[in-house]
Amino acid sequence: MEFVLLGFSDIPNLHWMLFSIFLLMYLMILMCNGIIILLIKIHPALQTPMYFFLSNFSLLEICYVTIIIPRMLMDIWTQKGNISLFACATQMCFFLMLGGTECLLLTVMAYDRYVAICKPLQYPLVMNHKVCIQLIIASWTITIPVVIGETCQIFLLPFCGTNTINHFFCDIPPILKLACGNIFVNEITVHVVAVVFITVPFLLIVVSYGKIISNILKLSSARGKAKAFSTCSSHLIVVILFFGAGTITYLQPKPHQFQRMGKLISLFYTILIPTLNPIIYTLRNKDIMVALRKLLAKLLT
């Protein structure tokens, strides 16, 4: 059995423009995240837990978009969207796995900022390199079995009628729409998993930032306040964008009722947000900008 991804076939006149835009954005994501990883690797001032997590986040972003965009570009180029059941399941599994890991990693990054700002004296002990690695491993090991189980549950459903997916990649809502019979249990599972990987992490991040903001307001130094807010604001912007889009997609009452608006929202969190993330982190982060200037100065001399 195979599916057909409709993608953007409803706007054929814009195919080549969309191909050019998405290709440019994909290259920007690869380049910007690659630069962030390189800067953190080679610059001594960036050898801290915060930037260790940021480099892992950048690597996740590269993998996250690579699951979606190259396949989408190929479908636009060939104007065909045929995809086998196995390829569809694999794409969805890896997409959810990487997305879920990003949610947990963003929570870890918020915890890192909480310890750094609210408990600065304990920070070197609490967030040592071993703990950082354990937190990264935990983010992956929690996500992998849950996502594999959910993917198997969805693709064991019987599919009948049309095999066309009104989307540009294999995601849960449009796949559930093709399933036959009662999908109530699957919908409940989707909501439970979404609560675990979206709602709970978001609430933990909100609590962390509530304590961070409360602590920042107690600082007597205006410079200290500005530096603390600058450090945290970029992370908070990314959190709001990413979790907001995820909530709209996976926590709506009927996630399988996924039409044009769902496709636009998916573009937002699969392409637009990953394009903006490196820009947000670099432009609002003085340490990254200083490291970038030093790297450019070395390359130009």
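Cβ atoms are placed via backbone N, Cα and C, with glycine included.
On a predicted model such as this, the values are computed, not experimentally measured, just so you know.
Noted in Swiss-Prot for the protein shown:
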DISULFID  Cys88-Cys180  disulfide bond
CARBOHYD  Asn82  N-linked glycosylation site
TOPO_DOM  1-16  topological domain 'Extracellular'
TOPO_DOM  38-45  topological domain 'Cytoplasmic'
TOPO_DOM  67-90  topological domain 'Extracellular'
TOPO_DOM  112-130  topological domain 'Cytoplasmic'
TOPO_DOM  152-188  topological domain 'Extracellular'
TOPO_DOM  209-228  topological domain 'Cytoplasmic'
TOPO_DOM  250-262  topological domain 'Extracellular'
TOPO_DOM  284-301  topological domain 'Cytoplasmic'
TRANSMEM  17-37  transmembrane segment
TRANSMEM  46-66  transmembrane segment
TRANSMEM  91-111  transmembrane segment
TRANSMEM  131-151  transmembrane segment
TRANSMEM  189-208  transmembrane segment
TRANSMEM  229-249  transmembrane segment
TRANSMEM  263-283  transmembrane segment
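Overlay of Swiss-Prot annotations on the structure.
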residue	record	Cβ neighbours (10 Å)
Asn82	N-linked glycosylation site	12
Cys88	disulfide bond	21
Cys180	disulfide bond	10
Selected stretch (most C-beta pairs under 8 A with the transmembrane segment (46-66)) from 17-37, 91-111, 189-208, 229-249, 263-283: 91-111
Region pair the transmembrane segment (189-208) / the transmembrane segment (91-111), three or more CB pairs under 8 Å: yes
Residue distribution over DSSP helix, strand and coil in the topological domain 'Extracellular' (67-90): 18 helix, 3 strand, 3 coil
Cα-to-Cα gap, Asn82 (N-linked glycosylation site) vs Cys88 (disulfide bond), nearest whole Å: 10
Region pair the transmembrane segment (131-151) / the transmembrane segment (91-111), three or more CB pairs under 8 Å: yes
Interface-richest range of 17-37, 229-249, 263-283 toward the transmembrane segment (91-111), CB pairs under 8 Å: 229-249
Within-chain partners of the topological domain 'Cytoplasmic' (284-301) [C-beta distance under 8 Å, separation at least 6 from its ends]: 35-36, 38-39, 42-43, 45-46, 51, 230-231, 233-234, 237
